[in-house]
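Copied from Swiss-Prot, the annotated features are:
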ACT_SITE  Glu92  active site, proton acceptor
ACT_SITE  Cys337  active site, S-methylcysteine intermediate
BINDING   Cys112, Cys116, Cys119  [4Fe-4S] cluster binding site
BINDING   Gly159, Glu160, Ser189, Ser218, Leu219, His220, Asn294  S-adenosyl-L-methionine binding site
DISULFID  Cys105-Cys337  disulfide bond
Amino acid sequence: MISALLGRSKSELEEWAVAQGQPAFRGRQLHDWLYAKGVRDLQGITVLPKAWRASLQNEGVSVGRLHEQERRVSADATTKLLLGTEDGETLETVGIPTDQRLTVCVSSQVGCPMACRFCATGKGGLQRSLAGHEIVAQVLSIREVMERRPSHVVFMGMGEPLLNIEAVLESIRCLNDDLGIGQRRITVSTVGVPHTLPRLADLALKQLGRAQFTLAVSLHAPNQALREELIPTAKTYPYDALLDDCRYYLNKTGRRVSFEYILLGGVNDHPHHASELADRVGGFQSHVNLIAYNPIEEEEFQRPTTQRIEGFRRVLERRGVAVSLRASRGLDQDAACGQLRRNRRS
């Protein structure tokens, strides 16, 4: 017996409807109401027989949507939602609009066990991993609130996606097949967990038939010593081993790897850091995405100066490294990962 309908494919819903003693077309109706119409509860699916809806509700079956608890909208229209789960946990998701696209930043866990020193989410530890349908529900919540169809999804919210690979891949299948978001418009970001990058490549090819989503690996330092200072779990994952696993992923999937590098003022933003980073990733089929630090309260790190940011980028460009600078969004509304939830709990 399933408890949440969201996250199921059309064929799964058809088979389930038949197993419930209903005709297969009831499954197709469910699929339409779940994904196209975005229904929030069973009673809202008025095309289904009333008696069946009541029976399902009595059996504990639900749509599987999340409940909005707080909303913040910044001056640039970036929208952050604090969402509640059925078991009383809270998580964050962010809608980032431009003229041409709407990107949804989703969480893969409630909290995070990685404890990166510069990250608000890591301050509270891990509560649990999210189910696949809870990830999909975040995208539907942003679509509902912003009244726009999401075009891109990035797994850059709360949690470490590679500690929840099965649910992440389940959600990617659903986002692609049921919500029509192409895999090439989906990015999975990881700080790096030993042995999981090869597993991600292998499972994606096995379960999805292809691995066309973008893999973004968070480096945040040009050497092992500094990386261990910023990311405690890096002590168990040497830099060279991480890059070897990235090469495996590249060779297995044929997809270029993106390297994320958060610039922390006076910590890892010096030109010699940029030169050292170029030594690491030069010749690697990759792209470096620079991110200026988004300050959180009661934290020792600071946002680097514009001069430092541009200087870092110029060093990489001169070394032939493909590089871009991510625009900061929602700075006035606690839009960095974990800030809203942390402030709500404090």
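Each Cβ is built from the backbone N, Cα and C atoms, and glycine gets one as well.
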Per DSSP (helix/strand/coil reduction), Ser189 (S-adenosyl-L-methionine binding site) sits in strand
Keeping only the recorded positions of Glu92, Cys112, Cys116, Cys119, Gly159, Leu219 whose C-alpha lies within 10 A of that of Cys105 (disulfide bond) yields Glu92
Of the recorded positions listed (Glu92, Glu160), the greatest number of other CB atoms within 10 A surrounds the CB of Glu92
Candidates Glu92, Cys112, Cys116, Cys119 (recorded positions); nearest Cα to Glu160 (S-adenosyl-L-methionine binding site) turns out to be Cys112
Cα of His220 (S-adenosyl-L-methionine binding site) to Cα of Glu92 (active site, proton acceptor), in Å and rounded, measures 23
Cys116 ([4Fe-4S] cluster binding site) to Ser218 (S-adenosyl-L-methionine binding site), Cα to Cα, whole Å, comes out at 11
Closest by Cα to Asn294 (S-adenosyl-L-methionine binding site), out of the recorded positions Glu92, Cys112, Cys119, is Cys119
For Ser218 (S-adenosyl-L-methionine binding site), the spatially nearest of the recorded positions Glu92, Cys112, Cys119, using Cα atoms, is Cys119
Nearest to Cys112 ([4Fe-4S] cluster binding site) by C-alpha distance, among the recorded positions Glu92, Gly159, Ser189, Leu219, is Gly159
Same-chain residues at least 6 positions away from Ser189 (S-adenosyl-L-methionine binding site) with a Cβ under 8 Å from its Cβ, in sequence order, are Val154, Phe155, Met156, Pro161, Ala216, Val217, Ser218, Glu260
The rounded CA-CA distance in Å from Leu219 (S-adenosyl-L-methionine binding site) to the residue listed as 'active site, proton acceptor' is 23
Rounded Cα distance, in Å, between Cys119 ([4Fe-4S] cluster binding site) and Glu92 (active site, proton acceptor) is 14
One residue among the recorded positions Cys105, Cys112, Cys116, Cys119, Leu219 has the fewest other C-beta atoms within 10 A of its C-beta, namely Cys116
If you measure between the CA atoms of Glu92 (active site, proton acceptor) and Gly159 (S-adenosyl-L-methionine binding site) and round to the nearest Å, you get 10
Counting across all protein chains, other CB atoms within 10 angstroms of the CB of Gly159 (S-adenosyl-L-methionine binding site) number 30
